[in-house]
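Trainee: Questions regarding the structure given below will be posed in turn.
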Amino acid sequence: MIARETLADELALARERTLRLVEFDDAELHRQYNPLMSPLVWDLAHIGQQEELWLLRDGNPDRPGMLAPEVDRLYDAFEHSRASRVNLPLLPPSDARAYCATVRAKALDTLDTLPEDDPGFRFALVISHENQHDETMLQALNLREGPPLLDTGIPLPAGRPGVAGTSVLVPGGPFVLGVDALTEPHSLDNERPAHVVDIPSFRIGRVPVTNAEWREFIDDGGYDQPRWWSPRGWAHRQEAGLVAPQFWNPDGTRTRFGHIEEIPGDEPVQHVTFFEAEAYAAWAGARLPTEIEWEKACAWDPVAGARRRFPWGSAQPSAALANLGGDARRPAPVGAYPAGASAYGAEQMLGDVWEWTSSPLRPWPGFTPMIYERYSTPFFEGTTSGDYRVLRGGSWAVAPGILRPSFRNWDHPIRRQIFSGVRLAWDV
């Protein structure tokens, strides 16, 4: 079982991270940097509202809470689109901070009474939710125009020459896809249940595609040749006027959290849509991996005939193994984490950039919704809002405590404000 002290520590780390992202004046927190994102003050109060809902109101939105019902509903993400939230009568930042602090104090009292045999899933859900919103707030801050509010990030390890453009073989055969509550008690519903699948051999990129490799695609006219693009992708490329990854400037620089800088050739490319990733792969004579292929390359140990908890083994993520936590503000150069390689030799599979896969979001066989029933189910393929592609592996902005090889993210194929990149795959 997960110790109460561990849950308390993870709650504290998430809150510390959140508060660092809202250390700005009230006017700044109420700004909407882009219609795709919420004002930061909405995210802040929403974090507290969801914590209260799941830990103090038993997940029942009709159960009275600390906020008046009409205020509580302002923070329902399904009721109010991101574009509309700037026009809502939101709590002032001081009230939002006070609300979050009060909820947290009561939540910790509840944690103290948690039975010893309770794995604390509701607390883990709240921790994951807050950390995911911290990444969302970083996306918003990256879209902000004007003088920088954040620094350029902590130093990162150097990369290794010769790894870009290389691949590793993943032999075919059965493996265990997904996890169960016994092995990963804090896994989310779409990661479960564990089940055996058998897939053919394939090759997968040792590291993600780099900025330098993407520059070759641009220089070769990749954005101007419809033969590399799917019909939907080409239509979007034309409609949106895509000519390079988001935040790349015509003079060869990029804008990152308001800082103008040269584009490092050895960093994984980020801020590309699924359609761009798909086109690049076609141009490179490759394809995108399926999410099942991706998970096997990341987590399966063919010698042990079992899953690894992380690509490198059982050790918890650290600065020597992966770029996580958000303090770097960017991906690490490829080859920076040889100790973090998977059993097959694939590197940087956790952290740095979310990697587009070719897979739509589907439930695993035997899927059962968790207590937060709307977490996954409304987004599955075939639902009214089910136009999504799965991304795997996390990014530099993801908290290390919530990331697993089985973690499944998803977004619309046109989105690229997210910290998204590409890893290639090939048939064998």
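Backbone N, Cα and C atoms are what each Cβ position is placed from, and that goes for glycine too.
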Trainee: Starting from the Fe cation binding annotation in Swiss-Prot that includes H129, H133, which of H46, H80, H186, H195 is the extra site residue?
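Mentor: Swiss-Prot lists H129, H133 binding Fe cation, and from H46, H80, H186, H195 it also lists H46.
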Trainee: For the gamma-L-glutamyl-L-cysteine binding site, please report the maximum Cα-Cα distance among R82, A83, S84, R85, D411, R415 in Å.
Mentor: 20
Trainee: Around S84 (gamma-L-glutamyl-L-cysteine binding site), how many other CB atoms lie within 10 A of its CB?
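Mentor: Around the Cβ of S84 (gamma-L-glutamyl-L-cysteine binding site), 12 other Cβ atoms lie within 10 Å.
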Trainee: How big is the Cα-to-Cα gap, in Å, between R82 (gamma-L-glutamyl-L-cysteine binding site) and H46 (Fe cation binding site)?
Mentor: 12
Trainee: Can you grab the distance from H133 (Fe cation binding site) over to D411 (gamma-L-glutamyl-L-cysteine binding site)? Cα atoms, rounded to a whole Å.
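Mentor: Their Cα atoms are separated by 15 Å.
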Trainee: If one measures from the C-alpha of R85 (gamma-L-glutamyl-L-cysteine binding site) to the C-alpha of H46 (Fe cation binding site), what distance in angstrom results, rounded to a whole number?
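Mentor: Cα-Cα distance, R85 (gamma-L-glutamyl-L-cysteine binding site) to H46 (Fe cation binding site): 11 Å.
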Trainee: Any same-chain residues 6+ apart from A83 (gamma-L-glutamyl-L-cysteine binding site) with CB under 8 Å of its CB? Would you list them in sequence order, or say none?
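Mentor: A83 (gamma-L-glutamyl-L-cysteine binding site) has long-range Cβ partners P35, L36.
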Trainee: Out of R82, H133, which has the highest number of nearby Cβ atoms, where nearby means within 10 Å of its Cβ, if these are the binding-site residues?
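Mentor: Sorting the candidates by Cβ neighbours within 10 Å, the top entry is H133.
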